[in-house]
Amino acid sequence: MGFGRYLAYRLFNAALILFFVVLLTSILFVKLADVTLQSQIQETVQAEWNAYAQHHPGSNVNQSEFIKKRMEYWINYYGLNKPYRTRVWQTTIKTLKFDFGQTRQTIFGTRDASEIIKIALPRTILLFTTAQIIVILIGILLGVKSAQKPGSTVDRTISVLAMITASLPMWWFGMVMILIFAFKLSWFPVNSFPDPTLTGLAHIKDVMWRMVLPVITIVTVLFGGWAWTTRNIMIGTMQEDFIMAARAKGVPERKVIYGHALRAAAPPIVTMTIFGLLGSLGGAIITEAVFNWPGMGRLYWIALQQNETTLIVGLTYIFTLLYLTAMILADLAYAFLDPRVKVGASASM
């Protein structure tokens, strides 16, 4: 069976996994949402009765009858009168269509869960994906440089630096950066979120200025892992026979490194890049809290704190979709960079 059918098989598996993840999430959170909605309905109906009694002090309307009718109205409105199985299925289908419903409280100026995610996602891309691109570039360059002469002063310096930075907790390092450069030196603002009142060029400058501290923090903590991993991949590749043969033929060292070795080591590095870039779309809860950056990570934390089940289901769906997309893209990248994958796919099927 050819690679095309193999890829179709992987896509089918990914779709199946996505469906069952959404179904399981719906099973868990629809029940939790029932409890939350029942409490919310009781509070709403009680507030309605208090308002009615205040504006109609001489009314003969029975309180029990009023509350009973309003309870029935809201139960029907939220669909709580439908069987549990039906509501789980409806939630699953709506989630798969990116219809996540309404949140109980206003977040980012709206209660539409889909719109809330649309607001948070570009903010996360702006900060974390930008930082991740810088991390990847620096990590690969330093890793390749370190692998050229294993055991040299350059290799040892980069390796030690990589291990030190990779061991730093990002939230702690972020707080140190804020303490030094925001509070002590006053070079950068404490609040990293841009001023919403600015527009045009002033807005762009403000965004870039406020992004400096969080971007430096993310890059400093993450580049070491990339450099170390790239170094180890490249060292293994540099010991291959075709590298020895290229050097024996007098091929310039730069071409050997970047034209032969790095190309041969590309599949695992490209896979790391794909997962790193797509993973950056999820943000980071603690880092966003430290820098007061309202992205996807902060949004997930808000959803958990406020028990916004519709938002939790939607975010879980988005994160699962990103992970499965990364897996599919990694398969495509491997097939493009290493023809042996196509042969392996045909043989395995």
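Along the chain as shown, residues are numbered 1 onward.
Here the Cβ of each residue, glycine as well, is placed from N, Cα and C on the backbone.
The structure displayed is predicted, hence computed values, not measured ones.
In TrEMBL this protein carries:
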DOMAIN    121-330  domain 'ABC transmembrane type-1'
TRANSMEM  7-30  transmembrane segment
TRANSMEM  125-144  transmembrane segment
TRANSMEM  160-187  transmembrane segment
TRANSMEM  207-228  transmembrane segment
TRANSMEM  269-291  transmembrane segment
TRANSMEM  311-337  transmembrane segment
Thinking of Cβ pairs under 8 Å, which stretch from 7-30, 269-291, 311-337 has the most of them with the transmembrane segment (160-187)? 269-291
Spatial neighbours of the transmembrane segment (7-30) far in sequence, C-beta under 8 Å, 6+ residues away: 84, 87-88, 91-92, 95-96, 309, 312-313, 316-317, 320-321, 324, 327-328, 331-332, 335, 345, 349
